[in-house]
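This report concerns only the one structure given below.
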């Protein structure tokens with residue numbers, strides 16, 4: 001099968017994300033990249049745990065004083081749901097239903113943007129209400145670096161998915177762009193998994209002190 | 001259709017190399033850039049040795065000495081050894097597995113250009129206020145206090161070139177997993193391919209901690225964060241951990257490909273199958289795995305406590321076992337073989353005792369209690385130069401001689417090669433053997449001078465004389481390269497006569513599509529098997545057909561250049577200069593803009609048609 005072949009519902013393979021050699025390479029290479037990303041976030045988590053609540057003096061707020069769980073719970077729900085909607089999008093991609101895939105990707109983007117909006121509001125809140133900033137303490141540096149790296153990944157993921165949607169809106173699915181959609185959704189799941197750990201390690205463990 | 005470089009003008013050739021996505025040309029780029037930085041790092045080494053030749057010397061100032069010392073280590077590890085190793089991986093590995101290309105030709109080119117611009121950025125520090133001066137390990141407690149911008153250049157430059165290395169690693173992994181020729185099972189892969197595979201896995205998991213460490217350093221120095229600032233709750237030990245979680249696997253990233261090159265050499269020039277092939281594979285994988293378990297042995301004197309020190313000491317000594325397996329396998333490969341003493345083989349034979357000496361002192365410094373004596377003395381300097389020069393540099397020199405004909409289609413002069421070898425071998429031991437004793441006698445490392453009557457004079461002079469031997473050896477090698485290139489006597493597929501693996505079954509240099517028809521691999525040492533069966537070449541595994549090839553692209557250069565610009569912006573922000581933020585933004589716009597361009601523009605590559613392939617008689621010189 002060639003990447004530039006015109007496909008129909010009948011000729012569409014069961015695993016379009018791995019149908020050509022280029023696609024197979026992309027698929028595996030991206031999984032390996034995510035392995036490296038895992039180590040990157042592991043290092044950030046380790047740094048955060050080493051510097052949690054490490055502040056210069058007692059005037060600084062600690063994790064248990066800062067976090068607002070209802071807000072973070074909302075953000076978590078938005079991101080978890082967006083992961084689910086990206087699964088729906090890939091389901092339609094595998095069934096060669098381009099319109100429905102675009103629809104569910106659109107919903108994914110909206111949910112992801114909602115998450116990012118809440119995170120920006122949250123950071124803004126900490127900075128202005130608690131004077132908890134990137135430069136105020138080692139705790140602040142570690143907190144904003146870990147959550148900020150994740151937030152930057154969300155922003156990049158959004159830009160990526162939007163670019164894919166717009167670029168391919170006129171021509172539908174083929175074996176050249178199917179793996180592109182697939183690895184973008186893999187990236188989105190990875191972002192979601194990282195957030196599960198951030199929610200646990202930073203926020204839940206932060207609340208209990 | 002062939003892209004014969006010699007027939008083109010200089011401009012066209014330059015453009016060809018700037019836009020190439022061909023792994024063989026990228027290999028040449030790595031060889032040239034890595035070779036250049038090797039000379040720079042060597043020059044820095046000579047400054048160090050001249051300064052230390054006599055007591056109370058004032059050849060350079062103390063501050064400048066710190067810069068030279070830091071840049072020697074950083075340049076040699078990141079900008080010379082790694083790219084030179086990458087040169088051979090790019091040149092040979094795809095040929096060894098019978099692939100027409102690597103998995104991600106574009107990413108491969110991007111990886112090179114990121115490394116290149118990162119390296120250039122790092123060295124720009126010499127001209128812009130001063131080079132980094134906190135040692136190649138750049139411990140945060142020291143690095144944060146450095147008054148010049150040198151450390152900023154260090155952190156940003158390594159960040160850029162590290163990203164390139166990571167991409168290279170992923171590319172090699174996917175190439176080996178997905179693109180092996182029919183019949184090339186994992187346990188038939190040549191040892192150099194295996195070592196490339198394990199090395200790439202190490203790169204994948206070792207570089208992200210460095211990335212994080214460098215980010216923290218960048219943030220602390222330029223953006224006001226407090227990771228390493230104890231007065232704001234920070235902790236400098238985090239840098240030590242992150243750096244060595246990367247740094248220890250890094251030394252295996254360097255030495256495993258060296259082991260791979262030597263494994264090829266021993267088999268070729270003993271005319272024997274590599275002894276204990278499967279145990280070699282096992283040992284390589286085990287060394288790679290254990291390499292991640294031992295980082296804290298660089299931190300024995302940091303004060304992690306006796307339990308941590310004991311665990312890391314034992315884990316470190318365990319690495320001696322798989323390494324010992326390898327040493328004996330190489331010896332047994334030579335045993336009973338019909339050995340020819342070519343230049344690569346001389347390096348390989350000299351490597352065994354030299355490297356074993358480095359290994360033995362490695363066990364000594366791995367003993368946590370004894371390490372309190374050795375730590376920060378010249379004993380440690382001697383140890384790591386024995387493993388890195390006696391292992392990696394020997395392998396790079398050997399590999400240059402071994403693979404030169406495959407890369408350029410002409411043989412380096414053997415006589416000059418042997419002169420280089422002997423000068424280098426003698427110079428190497430003269431320089432570093434005495435440093436074991438200097439260390440035990442109490443000479444600390446990283447000092448810019450020493451006093452008379454401490455008993456260090458003669459030994460340091462001996463060491464400096466040795467360094468000059470090595471410098472002359474490298475000059476002889478350069479003369480060899482120039483002479484060989486001018487003479488340019490073309491050679492055939494298998495210039496050493498005893499090639500065993502697939503790269504020797506195709507022309508030197510290979511056509512840009514490597515294999516007209518993919519070869520059928522019938523066992524380990526695929527080409528040797530066919531030769532022993534009386535055949536002239538490999539049996540094709542497929543009928544002649546169209547070949548799909550990737551298009552050249554200038555985008556990798558632009559993406560890398562954008563980050564190069566952005567890094568200057570980051571330095572400006574650190575200095576609170578007005579130009580900082582705009583330059584950073586412009587740099588990122590260039591990078592992300594060109595990534596966006598790459599993303600939206602379809603690139604399907606092109607096909608070489610069967611008819612053209614039939615007319616192409618593969619007589620070499622077509623890469």
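Every residue, even glycine, has its Cβ placed from backbone N, Cα and C.
Whatever TrEMBL says is automated annotation, not expert-curated.
What TrEMBL lists as domain 'Heme-copper oxidase subunit III family profile' is A:1-207. TrEMBL lists A:28-51, A:71-91, A:103-121, A:141-166, A:186-206 with the feature transmembrane segment.
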Below 8 angstroms Cβ to Cβ, which residues of this chain, lying six or more residues outside the transmembrane segment (A:71-91), approach it? 100-105, 107-108, 111-112, 114-115, 118-119, 121-122, 154, 181-182, 185, 188-189, 191-192, 195-196, 199, 203
So which residues does the transmembrane segment (A:186-206) touch in its own chain, when a touch means Cβ under 8 Å and the partner is 6 or more beyond its ends? 30-31, 34, 37, 41, 45, 48-49, 52, 63-64, 66-67, 69, 72, 76, 79-80, 82-83, 86, 108, 112, 143, 146-147, 150, 153-154, 157, 160-161
Same-chain residue ranges lying at least 6 outside the transmembrane segment (A:28-51) that approach it to Cβ under 8 Å: 138-139, 141-143, 145-146, 149-150, 183, 186-187, 190, 194, 197, 201-202
Within the domain 'Heme-copper oxidase subunit III family profile' (A:1-207), what mean pLDDT does the predicted structure show? 92
